[in-house]
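Feature annotations, courtesy of Swiss-Prot:
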type	residues	note
BINDING	GLY11, LYS12, GLY13, GLY14, ILE15, GLY16, LYS17, SER18	ATP binding site
BINDING	CYS112, CYS147	[4Fe-4S] cluster binding site
MOD_RES	ARG115	ADP-ribosylarginine
Amino acid sequence: MAGLRQIAFYGKGGIGKSTTSQNTLAAMAYYFGKKILIVGCDPKADSTRLILHEKAQSTIMQLAAEVGTVEDLELEDVCKPGAGPFNPEQPSPSGGWIKCAESGGPEPGVGCAGRGVITAINFLEEEGAYSDELDFVSYDVLGDVVCGGFAMPIREGKAQEIYIVMSGEMMAMYAANNISRGILKYASSGGVRLAGLICNARMTDREYDLANALATKLGTQMIHFVPRHNIVQHAELRRMTVVEYAETSTQAEEYKELARKIVHNDLKVIPTPMNMDDLESLLMEFGIAEQFDEENVGKKAEA
């Protein structure tokens, strides 16, 4: 496991984190021959569906509830090979492949979903899922709530490289700044580092410049700007990644370039998160937010 790189994708809910991570990891396997284990750490259990061509993978916590305890599970019950060119038995021309596991969590409103992340990762480690043949383990983590459970890949030093999926929208930037705070908190004890921002474009005003400025403020890089394209949704409807669905498309080239940058990335930093005033000032600088005035609170836009 000496050469194993453990990375994590964090980001605000609904930002396209799982879609971006799966398309990027698919490109890493397909074009660059990387052997990857994806560990989904989102209660939605949607971190592997495009790789598996399935609606949703059965989760470790779900299967454990069916058989009694996690100890009653076998690794092959919860760790599934990718479909098509991502299957280890029939790997891509480059030799890359992907295996998938989803941590899952309790029923909505009951218990701690973050606890499922901890239980799942411990089980995978104990059962030998982190084999020597792997190049990458990737965690796909819910990023709105950086609670103890969801921060586990950061807190326990499981993931050394964090990629934050964001956009030029205020709440996505707010979440990115919050996640950076979590990384900073555990940087000294766990060795975790921020490896870059991935801007999953929403086509807002001056989005590229704003994302780049946020990256600079956080002391990192905008590792790639992923343009918006309908082909991503078309591929999703077939439960496929873009590199498999439309290999010659310009969007496949975007994910290939992002994959290349991650494979060769050596810029991993302790972030410098901003306070809320500085974040709002950044938005004002780029014309996204107006100069704040208490007298305007609750007032409608002028006609």
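Counting starts with 1 at the first residue shown.
Any Cβ shown, glycine's included, is placed from N, Cα and C.
Reduced to three states, the DSSP call for LYS17 (ATP binding site) is helix. When the recorded positions LYS12, LYS17, ARG115 are compared by the number of other C-beta atoms lying within 10 angstroms of their own C-beta, ARG115 comes out lowest. For the binding-site residues given as GLY11, GLY13, GLY16, SER18, the lowest number of other CB atoms within 10 Å of the residue's CB is seen at GLY13. A strand conformation is recorded for GLY11 (ATP binding site) in the three-state DSSP classification. In terms of local Cβ density within 10 Å, ILE15 ranks first among the binding-site residues GLY14, ILE15.
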